Amino acid sequence: MTKEQWGQLQQRLLKTVGQNNYKNWIEPIEFGSTQDGVATFEVPTNFLGNYVSQNFADLILHEVRQEDPAVRRLRFAVPSHVNATTKPARPAQATAPRAPAEKTPRSTLSTAPLDARFTFDNFIVGKPNELAHAAAKRVAEGGPVTFNPLFLYGGVGLGKTHLMHAIAHELRLRRPEMNVLYLSAEQFMYRFVQALRDRKMMDFKEIFRSVDVLMVDDVQFIAGKGSTQEEFFHTFNALVDQNKQIIISGDRAPGEIKDMEERVKSRLQCGLVVDLHPTDYELRLGILQSKVEQQRKNYPGLDISDGVLEFLAHRISTNVRVLEGALTRLCAFASLVGREIDMELTQDCLSDVLRASERKITVEEIQRKVSDHYNIRLSDMIGPKRLRSYARPRQVAMYLSKKMTSRSLPEIGRRFGGRDHTTVMHGVKRIEELKIQDGQIAEDLELLRRALEE
């Protein structure tokens with residue numbers, strides 16, 4: 001294959017992968033040579049080469065074989081001359097020293113947009129989120145750094161992003177002189193990749209290490225992405241060394257994020273780790289009552305019958321976003337048809353949402369989730385083996401089956417290899433004891449319960 005053929009092949013790939021993927025991952029690749037059935041391509045960085053190898057290699061190989069059927073394998077490598085040409089370039093910049101890090105203008109930080117609705121005033125506090133709210137308020141005061149990082153975690157729709165935005169809003173109001181950078185972990189990765197591709201890593205490092213407060217949402221996104229984790233790790237350390245505040249959110253506790261490097265997990269756990277628990281009935285009702293007052297600004301004549309909000313708070317229990325979305329839809333529908341929001345209208349308008357909220361969790365689903373979580377075969381967990389590595393997950397699955405399904409103890413026992421109901425009862429009791437004594441068991445139960453409810 002020739003370089004001209006590679007250019008034609010790239011155009012075909014453009015149609016397949018789309019403009020953004022092509023620009024980021026395919027366009028920087030240059031054809032090198034073919035030898036012994038291996039086509040070698042030159043890439044600007046190891047990170048880009050690894051990403052392309054994992055995500056586009058099969059597609060590229062298919063296209064390459066259309067041009068050269070003898071090619072059986074692809075190789076992506078950084079040419080040896082890249083480092084040789086980039087390293088000497090640094091001394092030439094010594095005549096134009098950069099401004100000190102603390103002088104970096106906020107405009108260059110390009111923070112992600114903040115939702116104006118997500119403030120502390122609009123955050124409804126209840127027992128499930130009171131600790132997270134208190135910690136967020138403390139950080140938002142902008143005073144001395146007392147815990148670093150603040151790590152907020154919880155399931156979808158429990159208020160992590162709301163609190164993150166609220167902190168950023170409050171800091172900008174109280175301390176306008178501070179450089180506050182808020183972004184998602186995905187945006188961090190894309191900026192990192194862009195800097196690698198454009199050979200502007202020093203600019204990237206300077207921007208991220210000049211902030212006063214770094215806020216990263218959904219940190220689990222960088223799990224499994226080695227180069228991004230490494231840069232995040234060094235950025236984290238640099239900011240902590242400068243006594244700058246770091247605030248992170250994730251969908252689970254740092255120790256439970258799969259494919260996250262241990263050194264990164266360790267850093268994330270070294271501050272205050274706070275769990276946003278699933279909402280209870282009282283908190284959901286409070287959220288609905290607050291949202292109704294906001295909706296009345298849009299619909300001044302809004303009329304809601306007694307019992308409707310209580311009904312919704314009972315029926316939609318796992319996700320606050322779904323709850324708020326249901327209320328928004330209901331108010332809009334009632335306004336359009338000119339009707340009072342009563343139980344009949346609510347059930348007609350939200351029939352699909354209410355059906356989805358009735359999804360039944362099965363024993364079999366629980367067994368699969370638990371076996372995956374503990375990395376054991378399902379057949380071993382429900383089989384006769386009594387090794388601790390199988391017995392404890394089995395008891396966890398029995399406990400969750402008892403708590404999250406309507407199955408009786410004998411029915412649960414039959415689904416665990418025909419075990420007697422007393423065995424199930426013993427397993428449930430044992431886990432109830434362990435979740436008080438063993439923090440890891442309690443965390444496993446919470447993580448599994450969330451995964452099953454999502």
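Including glycine, each Cβ sits where the backbone N, Cα and C put it.
As given in Swiss-Prot:
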| type | residues | note |
| --- | --- | --- |
| REGION | 1-71 | region 'Domain I, interacts with DnaA modulators' |
| REGION | 71-112 | region 'Domain II' |
| REGION | 82-108 | region 'Disordered' |
| COMPBIAS | 84-99 | compositional bias 'Low complexity' |
| REGION | 113-334 | region 'Domain III, AAA+ region' |
| BINDING | GLY157, GLY159, LYS160, THR161 | ATP binding site |
| REGION | 335-454 | region 'Domain IV, binds dsDNA' |
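Secondary structure of the region 'Domain I, interacts with DnaA modulators' (1-71) per DSSP, as helix, strand and coil residue counts: 44 helix, 11 strand, 16 coil.
For the binding-site residues GLY157, GLY159, the greatest number of Cβ atoms within 10 Å around a candidate Cβ is found at GLY159. In the three-state DSSP assignment, the secondary structure recorded for THR161 (ATP binding site) is helix. Neighbour counts were taken at the CB atom with a 10 A radius for the binding-site residues LYS160, THR161; the maximum falls on LYS160.
Close to the recorded ATP site, the chain also has GLY154, VAL156, LEU158, HIS162, LEU163, SER249, LEU276, VAL320, ARG321: residues not among GLY157, GLY159, LYS160, THR161 whose Cβ is within 8 Å of the site's Cβ mean position. Under DSSP, residues within the region 'Domain IV, binds dsDNA' (335-454) fall into helix, strand and coil as 89 helix, 1 strand, 30 coil.
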